[in-house]
């Protein structure tokens, strides 16, 4: 099946796979029986972050299941949490196709999707149905602004989306770093970000995080850290996709959009280490270029409380979460670490 999907156009393959997973998600016993074989349930993997308990630190990054259609499948496949979105207050179709590209030689993807989604209200209905099933999957909700909303009114979009979705998320992420919505990254700059956080922080008592770009300078990252602390956010998600293209082999490397996967690995780790130096109690969620148990272990040791995957899962297939978590347990045993909680206390 995995090989068949790779023979299709990338966006068509994503749509087909997501449709099948959404169907499977609603099948009750057909979901729960395979979950017993796929999930790695081990108390050593449990994580506490921003007041939420996670069965393991490996999560599905935003972008895979924007509209919260296949949440049961992510639980059954072994993820410790899933982040839906990016969701905007109004539905939007996103950028013209083609807009998703596989760079197989680089184990990477380029996307310029443009926040295509069915809107916050529809996603809220899906999230409500999932919550009623009682499956123990912590959920993050990634929020963005509509393309046609001017920057000076961006906060209103985030607030509108949050009002629909606030009852159903365990934590919320403000996406101000996608390279595929014109002008959006300006919201990472001091004055815009200061105003945005000042308006969003009082809107929910639930954990609020900020997603940052890998292309920020150390000085800009420090400014983001300072504002995150000033407005009492609970953490940062680092990093989004990059505009950089160094060292790529694929003929598709010049396509416009955000690059994810293996080429992002080094920069994602650099940003994580920089943020960890000044985090001072903030939870850090690392994403970008995670492909192996060693990658996962490295992020946790560098200061991440949680780690997300997207492109690695696309290339690694449905057993990818299980392989990473079993490998993580072996690495913990080899280094004499009895629990991830112990690693955090150290």
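Yeah, the Cβs are placed from backbone N, Cα and C, and that goes for glycine too.
It should be emphasised that the depicted structure is a prediction, and the values quoted were computed from it without experimental measurement.
These come from Swiss-Prot:
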- 62, 63, 64, 65, 66, 86, 142, 175, 211, 239, 261, 289, 310, 311: FMN binding site (BINDING)
- 66, 111, 112, 113, 114, 115, 175, 180, 240, 241: substrate binding site (BINDING)
- 178: active site, nucleophile (ACT_SITE)
Cβ packing number for residue 114 (substrate binding site), 10 Å threshold:
20
I need the nearest neighbour of residue 114 (substrate binding site) among the recorded positions 64, 66, 142, 178, using C-alpha distances.
178
Nearest by CA distance to residue 261 (FMN binding site): which of the recorded positions is it, out of 112, 178, 240?
240
Have a look at the binding-site residues (112, 211) and report the one with the fewest Cβ neighbours inside 10 Å.
112
Between residue 112 (substrate binding site) and residue 142 (FMN binding site), how many Å separate their Cα atoms?
17
How many other Cβ atoms sit within 10 Å of the Cβ of residue 310 (FMN binding site)?
21
Kindly assign residue 211 (FMN binding site) to one of the three DSSP-derived states: helix, strand or coil.
strand
Check each residue in the chain of residue 64 (FMN binding site) that is at least six apart in sequence and keep those whose C-beta is under 8 Å from its C-beta; list them in sequence order.
18, 310, 313
To the nearest whole angstrom, what is the C-alpha distance linking residue 175 (substrate binding site) and residue 66 (FMN binding site)?
13
Rounded to the nearest Å - Cα separation of residue 211 (FMN binding site) and residue 240 (substrate binding site):
7
Where residue 175 (substrate binding site) falls in three-state DSSP terms:
strand
Cα separation, residue 240 (substrate binding site) to residue 62 (FMN binding site) (Å, whole number)
10
